[in-house]
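Asker: Right, I'll just put the structure down here and ask away after.
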Amino acid sequence: MAAYGGRLVTEEQEELRASTAAARGQHIHFQPLARTAQWQVTLTHTRSHSHAHFITPAHTQAHTYGCRLTHGVSAMTKGEKGAHGSPGRTSKPSEPLFPKPSHQTDLSQKLSICSKLCFAIGGAPKEVAASATAFFLQIYLLDVAQINAFQASMVLFIGKVWGAVTDPIVGFFITKSRWTKIGRLMPWMLGCTPFLVVSYFCLWFVPPFISGRFVWYLGFYCLYQTLVTCFHVPYSALTMFLSTDQKERDSATAYRMTMEVLGTLLGAAIQGQIVASAHTLKHCRTHNVSAGYLGNSSGAEIVKSMVRIQDYLSHAKELYMIAAGVIGGVFLICTFVMFLGVKERDDPYASKSEKQVSFRQAFVLVMRHGPYFTLTAAFLFITVAVQLIQSNFVLFCTYAADLKDHFQNIVLTILVSAVVSIPLWQWFLERFGKKTAAFCGITWIMPFTMMLVFIPNVAVAYVVAVSSGLSVAASLLLPWSMLPDVVDDFRLANPYCKGHEAIFYSFYVFFTKFAAGISLGVSTLCLEFAGYDTGACKQPPPVVYTLKLLIGATPVAFIILGLLILLLYPISEDVRRRNKLCLEELRKQSSRTLVEDLSPA
């Protein structure tokens, strides 16, 4: 029996050495422990910010073996602590802690280019619609639907907050969903898409009644936000079920972000080019239609002016409905392509024990996980800054910078720059690390937004557009690329948590949406207090000054605060590579126990 135990240890050692031969300074020791009736794996997770020790669920076996991952060439050379130290502790490694290993991806987890493209295409329509609403919904509500600024601010604020509230609710129901033939997440995306298209179209339709328009837009905006949540939460969580390899997930995320920025570009292009004439050919409302004015002008002139205004409004309504129909068609096509090209995999790291963690317990564990809290807080403020710039940019170009004839082309320039720079940031984060990429990319936007505020001319606007596109790309790519690393880190600390990935994504979106909703509502209220005149061609000076603050100083302050919080983010590249090796070992142990459970006694 001892010989059999020694033979088994040797086979496991050879298998593990082969899988990590490229990683210098990394050694995995297997030690036979006392004979019991259980199989236990003790995996020491050593990193600079915490130590996680856990034991996988028990499985009936003849022997118990301890698996310890230790790092550092010096510890292995001496061997005393590596071979005889306490199984719950490891010596502090020398720097660099972990040389960059060559990536040897299991072919079963390798994603084809077609699969990555289909996955990325699935996320594009949500960004197409989000781009259209971010840039044009505010001005549409004010100038086309012609509800007052306070009502518009309530629609934007309540809609965003409602969308944020639905994120954790949808995340809860996703965790309770059963696995089907097409997966656990895919049915959510397929089922909500037709209703999502209908609600989006109604959002851009002007009802014939006037007194109830506020209720109309509030209701359909809340419905739209709910259905977008039902699509986006499972779609974003799907990243964790494409592959177990970090490099493959990062690559799929890069494809996704490239396609989503292209979607943002397409949304701005569709909406901007279709409805541009509704704003550039705008016929202004006559401000002094009064008794004095009637005395100095003929009734025919007044009637002609009113007819021109009504013609403009009818023209604008038709254009916005055409744009909504086109974007709805894009949603249907892209969702169908994703369904055909993406295969959802089951959880490969899941414990085979019947013991499961409840949603409430998992939620508490997630909220207490330091890296998740830090990452969410940092990008919450950064997202608020980007949302403020997006939602007020068209108003700024129209009323504060005299660029209303160029705003659609400036928006397209920003998005083209973002699309082109996504591969650049993907290369940068692989070369220098994700945290460094976040600082370099997001800091870049601050001086250029201030430049546009102080030098609002066409030439400067296009320079700012190209430069800002770089930061927009970084702000989109980095949080979704870093979030899977946080989930991996959580996995090692809580190996019994199965099927709760949606909590990470739903609550991340919840916090960012909630903050963005508050900021957008407050920004629109600021315009109301400044004296925004609905339908006017020229706004009073306080409105112009407020728009400059909302485009310049306020976003810069939020970005600085977000970057200060990001300094505390603990998952460095060394920690990320350690997590990768630990998860590979966990997956191998899970596979072995599954095979042994299925094999005849």
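Using the three backbone atoms N, Cα and C, a Cβ is placed for every residue, glycine included.
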Asker: If I go by TrEMBL, the feature transmembrane segment sits on one of 118-142, 218-242. Which?
Answerer: 218-242
Asker: Do at least three CB pairs under 8 A connect the transmembrane segment (218-242) and the transmembrane segment (550-571), leaving out pairs fewer than 6 apart in sequence?
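Answerer: No, these stretches are not in contact.
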Asker: Is the count of Cβ pairs under 8 Å between the transmembrane segment (218-242) and the transmembrane segment (502-530), pairs 6 or more apart in sequence, 3 or more?
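Answerer: As far as Cβ distances go (cut-off 8 Å, pairs 6 or more apart), the transmembrane segment (218-242) and the transmembrane segment (502-530) touch.
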Asker: Checking distant contacts: for the transmembrane segment (409-429), what same-chain residues at least six beyond its ends satisfy Cβ-Cβ under 8 A?
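Answerer: Residues packing against the transmembrane segment (409-429) from afar: 131, 135, 250-251, 254, 257-258, 261-262, 264-265, 268-269, 272, 393-394, 397, 403, 436-437, 440-441, 461-462, 465-470, 472-474, 476-478, 481.
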Asker: What same-chain residues lie close to the transmembrane segment (363-389): Cβ under 8 Å, and 6 or more beyond its ends?
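Answerer: The answer is 49-50, 134, 357, 442, 449, 468, 472, 475, 478-479, 482-483, 485-486, 489-490, 493-494, 497, 500, 503-504, 507-508, 511-512, 515-516, 519-520, 523, 550-551, 554-556, 558-559, 561-563, 565-566, 568-571.
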Asker: Apart from its near flanks, which chain residues at least 6 from the ends of the transmembrane segment (502-530) lie with a Cβ under 8 angstroms of it?
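Answerer: Apart from its flanks, the transmembrane segment (502-530) reaches 138, 148-150, 152-154, 156-161, 163-165, 167-168, 170-171, 174-175, 229, 232-234, 236-237, 359, 362-363, 366-367, 372, 375-377, 379-381, 383-384, 387-388, 391-392, 395, 479, 483, 486-487, 490, 540, 542-543, 545-547, 550.
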